[in-house]
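> This is the structure I have questions about; it appears just below.
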Amino acid sequence: MLLTTKRCITSVINFNRESLHLPICLTSSLMLSGGDHSFYQEVYICLASGSSCSYQQSRVLMAKSHETTSRKPPGLRLFKGAKALRNYQTLVLVLTFLAYTCFHMTRKITSIVKSELDPQTKVGSAWGRLHTRNSLNIGWSPFNTSDGSTLLGEIDVAFLAVYSLGMFFAGHLGDRMDLRIVLTIGMIGTAIFTALFGAGYWLNIHNFYYFLVFQMIAGLFQSSGWPSVVAVVGNWFGKSKRGLIMGIWNAHTSIGNISGSLLAASLLKFGWGWSFAIPSIIMALAGLVVFFFLPVSPDVMEIDIDDGEVNSDKDTAKEPLLEPGQEVKHKAIGFLEAWRIPGVAPFALCLFFSKLVAYTFLYWLPFYISHTPIGNEYLSDAMAGSLSTVFDVGGVLGGVLAGHISDRVNARAITAASFMYCAIPALFLYRTYGSMSMMSNICLMFITGMFVNGPYALITTAVSADLGTHSSLNGNSRALATVTAIIDGTGSVGAAIGPLLTGYISTESWSAVFTMLMAAALLAGLLLTHLVCAELRGKLSSNVSKVVANAQTTCSDQV
């Protein structure tokens with residue numbers, strides 16, 4: 001197979017050894033044969049005039065062309081000719097949306113299966129003491145004992161602890177490796193070990209450590225997902241409408257939770273193992289689609305972001321040559337260096353508490369619903385799993401609203417903090433009045449999901465992408481995955497602590513659980529106080545400048 005890329009340079013090349021002042025057209029050829037990669041370089045002399053460059057610089061340009069061609073997704077190599085930028089952007093949004101929907105679909109399964117594994121757990125009424133739910137289901141050992149909820153909480157925290165630690169390494173690798181490969185490995189690995197967790201049903205395994213170990217390994221593979229998809233989307237979209245675009249795109253989190261809940265709940269009647277097996281197969285197939293078709297950046301596809309078309313020979317002829325000593329690529333940013341980017345630390349710590357709240361709902365909401373009477377009636381495990389999707393539907397709207405509002409007011413911190421403060425009364429109302437009737441439960445759950453997931457979605461998408469392309473980086477786009485990993489990894493530590501604490505606290509009273517969640521929401525908002533004040537000062541200064549400018553214009557007109 002012979003892949004050839006032509007790059008014509010309309011300037012005089014000065015070969016240092018031969019001292020030739022002649023214009024050239026470079027043709028880079030890559031021969032793939034028997035697994036060996038041989039790079040053939042040919043230089044064609046043509047007529048033109050201009051400045052000079054070195055032979056070494058021409059080799060750098062050809063090496064860049066070789067690297068770009070070799071990293072194109074296999075499926076897209078079948079399609080020849082120019083492609084519009086918008087087509088590639090649509091493809092990127094669809095594939096990354098599919099990928100992370102699958103990640104959250106498999107992550108949601110355990111929350112649906114919990115009530116099947118541990119049906120006899122003690123629960124509490126609204127702001128009161130405990131009682132035991134009656135159930136004919138005997139559960140699954142070792143989770144059907146008196147400490148069953150504690151064991152399930154330990155599995156959750158083990159998964160999320162490995163996930164949060166793996167996130168930092170995944171971001172580091174993502175800025176240094178092909179994001180398409182990293183994402184594919186993460187998806188297929190997650191599918192395999194999620195399926196192995198469910199295989200305990202057919203293998204009749206009742207060893208706690210079997211489930212613990214496979215859930216931890218699944219968490220490690222899951223950690224590659226978020227830094228990869230945010231970095232890919234950030235590569236293809238500018239900052240102007242990033243909040244709205246990523247707010248809509250971030251619906252994959254809620255869509256994944258909804259699809260995982262509905263699919264797992266519908267499969268429970270066949271045995272809880274099927275709730276893990278079928279989503280795992282879907283995720284593995286989606287991973288193959290990502291491998292064959294996901295373009296990770298415009299550079300890989302030779303896209304010119306300015307005009308939206310693939311760079312033609314005519315376009316590349318106008319590109320300026322590299323100055324002596326100029327690097328083709330920026331170096332990937334270091335871990336500590338990324339922490340020092342303005343805004344990274346406060347948003348990361350804010351997300352710590354925001355995800356603590358969001359993931360407590362992710363892992364415990366179906367369990368809470370099935371063990372709390374609504375209108376003096378208990379719901380089945382399947383019905384509770386289906387009802388819990390209302391929280392995620394509210395989260396979709398919350399993510400879109402937060403992104404749109406932050407774009408309109410150009411204030412990410414103000415928007416995120418406002419949503420977190422609004423989540424506090426929403427949590428109180430849901431706990432106090434959510435059990436009165438089905439309608440009140442649905443309405444209050446929707447509102448709670450909107451305010452809880454709104455800032456979580458905003459920080460993990462638009463804010464991460466903004467900070468990953470911060471002006472202090474001087475155009476270095478190889479910080480996106482690292483910054484995203486730092487922010488979401490820190491948040492995932494909170495996501496691990498929330499479900500763990502809930503496993504212990506819920507055995508005493510669900511009132512204490514909701515008090516913990518309200519305190520976490522308050523702290524999340526307070527951590528952004530400095531950034532909120534800075535944004536308010538900036539807006540006040542901008543408004544004063546506009547008033548002064550208008551006054552000067554009025555005076556000059558009168559004169």
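The backbone N, Cα and C atoms fix where each Cβ goes, glycine too.
Curation plays no part in TrEMBL annotations; they are all automatic predictions.
Annotations for this protein, taken from TrEMBL, read as follows:
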TRANSMEM  87-106  transmembrane segment
DOMAIN    92-537  domain 'Major facilitator superfamily (MFS) profile'
TRANSMEM  151-169  transmembrane segment
TRANSMEM  181-203  transmembrane segment
TRANSMEM  209-237  transmembrane segment
TRANSMEM  249-268  transmembrane segment
TRANSMEM  274-294  transmembrane segment
TRANSMEM  339-362  transmembrane segment
TRANSMEM  382-402  transmembrane segment
TRANSMEM  414-433  transmembrane segment
TRANSMEM  439-459  transmembrane segment
TRANSMEM  480-505  transmembrane segment
TRANSMEM  511-533  transmembrane segment
> With Cβ distances under 8 Å as the criterion, find the stretch in 209-237, 249-268, 414-433, 511-533 that has the most pairs with the transmembrane segment (339-362).
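Going through each listed stretch, the top one turns out to be 511-533.
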> May I ask you to check whether the transmembrane segment (249-268) and the transmembrane segment (181-203) make contact, with contact taken as at least three Cβ pairs under 8 Å and only pairs 6 or more apart in sequence counted?
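These two segments do not touch.
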> Sequence gap of 6 or more, Cβ distance under 8 Å, 3 or more pairs: do the transmembrane segment (480-505) and the transmembrane segment (274-294) meet that?
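Contact between the transmembrane segment (480-505) and the transmembrane segment (274-294): absent.
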> Have the transmembrane segment (181-203) and the transmembrane segment (87-106) got at least three CB pairs under 8 Å, pairs 6 or more apart in sequence?
yes
> Is the transmembrane segment (439-459) packed against any residues at least 6 beyond its ends, judged by a Cβ distance under 8 Å, and which are they?
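For the transmembrane segment (439-459), the list is 243, 247, 250, 253-254, 347, 350-351, 354-355, 357-358, 361, 369, 374, 387-388, 390-399, 401-403, 406, 412, 415-417, 419-420, 422-423, 426-427, 429-430, 433, 487, 491, 521, 524.
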> Taking every residue in the domain 'Major facilitator superfamily (MFS) profile' (92-537), what is their average pLDDT?
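Summarising the domain 'Major facilitator superfamily (MFS) profile' (92-537) by its mean pLDDT gives 83.
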> Taking the transmembrane segment (274-294) as the reference, which of 87-106, 151-169, 414-433, 511-533 gives the largest number of Cβ pairs under 8 angstroms?
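The listed stretch sharing the most Cβ pairs with the transmembrane segment (274-294) is 87-106.
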> Should anything in the same chain at least six residues away from the transmembrane segment (414-433) have a Cβ under 8 Å from its Cβ atoms, list it; otherwise answer none.
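Beyond its ends, the transmembrane segment (414-433) has Cβ neighbours at 126-127, 347, 350, 354, 357, 398, 402, 405-406, 440-441, 444-445, 447-448, 450-452, 454-455, 458-459, 463, 510-511, 514, 517-518, 521-522, 524-525, 528-529, 532, 535-536.
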